Amino acid sequence: MNALRLGSYTFSSRLILGTGKFSSVSAMIEAVRASGSQLVTVALRRFNREQAEDDLFGPLSEIEGLTLMPNTSGAATAKEAVKAAHISRELSGSPFIKVEIHPNPHHLMPDPIETYEACKILAAEEFIVMPYIPADPVLAKRLEEVGCSSVMPLGSAIGSGQGLSTSAMVQLIIRESSIPVIVDAGLRSPSEACAAMEMGCEAVLVNSAIAVARDPAAMAGAFARAVEAGYDARNAGLMQRSGSAVATSPLTSFLGAGS
């Protein structure tokens, strides 16, 4: 695969991992290693060096070639997200920030207005801004215009496992974007990650589907292979769909050709 470029960084893996929901830190670390991911997202509250059982920064920092992308999960307003981003950059040293603002705990849908306001500020402060957004082509374009390095439309609701229910809108975003489009949230299976790559996404972010699997490390490896397969298939050139059968062999008579 060609390298994924985000800001001034390049990554050979196009699978981004979330680090929540795992049964233990060791299970999460095993999954990250098995995935080959070079970019993982971590909630601010998991930067806790004083309590080793809650701290992910230390263990993740030991993985060579891994870049941390703090996120603002828990923020309900642009102001809270900007504050979380500042603290995260100070603690991690990472220029990346995944902007997540979902004030309603019942559906966890991203707030488009607060997200836009936070991204304007953070992009001006030279963060590598990667916002989690509804699958809204107009919002995606506005975020590109203010300097976001990518947009991350949801495939479906966080943790729902409902797959690519927004695929039609995601395809519109891809068509109109000149920055990477990364599907985030709702993916349940490697086949759905493959489909996202085939439709034109530059990467996918997966958390729950790996974290709650019976064998998270094995599932992480399966997602990694699916992402690579989808990317390669897209670049190889997928055949066009047809409304009717198209013969693969000549239909002319041949049985009586020698008589």
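Placed from the backbone N, Cα and C atoms, the Cβ positions cover glycine too.
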Among Gly159, Gly200, Gly221, Gly230, the candidate listed by Swiss-Prot alongside Ala185, Gly186, Asn207, Ser208 for 1-deoxy-D-xylulose 5-phosphate is Gly159
Would you please pick out, from the binding-site residues Gly159, Gly186, the one with the fewest other Cβ atoms within 10 Å of its Cβ?
Gly159
Tell me whether Asn207 (1-deoxy-D-xylulose 5-phosphate binding site) sits in a helix, a strand or coil according to DSSP.
coil
Would you list, in sequence order, the residues of this chain other than Gly159, Ala185, Gly186, Asn207, Ser208 that have their CB within 8 A of the centroid of the site's CB atoms, where the site is the one recorded for 1-deoxy-D-xylulose 5-phosphate?
Gly18, Ala157, Ile158, Ser160, Gly161, Leu187, Val206, Ala209
If you measure from the Cα of Lys98 (active site, schiff-base intermediate with DXP), which of the binding-site residues Gly186, Asn207, Ser208 is the nearest?
Asn207
